[in-house]
């Protein structure tokens with residue numbers, strides 16, 4: 001009997017704790033990914049399209065295609 005009461009109180013406490021600490025979900029999925037949605041409407045706004053530190057055509061790259069903006073490297077960026 002004591003064990004049943006302890007288990008019941010523990011379950012009620014954990015349930016209440018879950019509701020108290022849960023995030024506010026009134027907005028639902030409305031603002032879940034606002035930045036991604038903006039970038040889908042305007043692909044130029046995506047930071048993934050920007051390549052900082054890449055070399056333009058004609059620059060020496062050795063054998064590392066990641067150094068070229070075009071991702072094509074045969075000793076020089078093409």
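Each Cβ is built from the backbone N, Cα and C atoms, and glycine gets one as well.
Values in this document were obtained by computation on a predicted structure and should not be read as measured data.
Copied over from Swiss-Prot, here are the features:
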type	residues	note
SIGNAL	1-22	signal peptide
DISULFID	54-69	disulfide bond
DISULFID	61-73	disulfide bond
MOD_RES	65	4-hydroxyproline
DISULFID	68-77	disulfide bond
Cα distance, residue 54 (disulfide bond) to residue 73 (disulfide bond), nearest Å? 12
Neighbour tally for residue 69 (disulfide bond), based on other Cβ positions within 10 Å of its Cβ: 13
Spatially closest candidate among 61, 68, 77, the listed disulfide-bonded residues, to residue 54 (disulfide bond) (Cα to Cα): 68
Here the Cα-Cα span from residue 68 (disulfide bond) to residue 61 (disulfide bond), rounded to a whole number of angstrom, reaches 7
DSSP says residue 54 (disulfide bond), in three-state terms, is coil
The correct three-state DSSP answer for residue 69 (disulfide bond) is coil
Cβ proximity for residue 77 (disulfide bond), under 8 A, sequence spacing 6+, ordered by residue number, returns 55, 56, 57, 58, 59, 60, 61, 67, 68, 69, 70
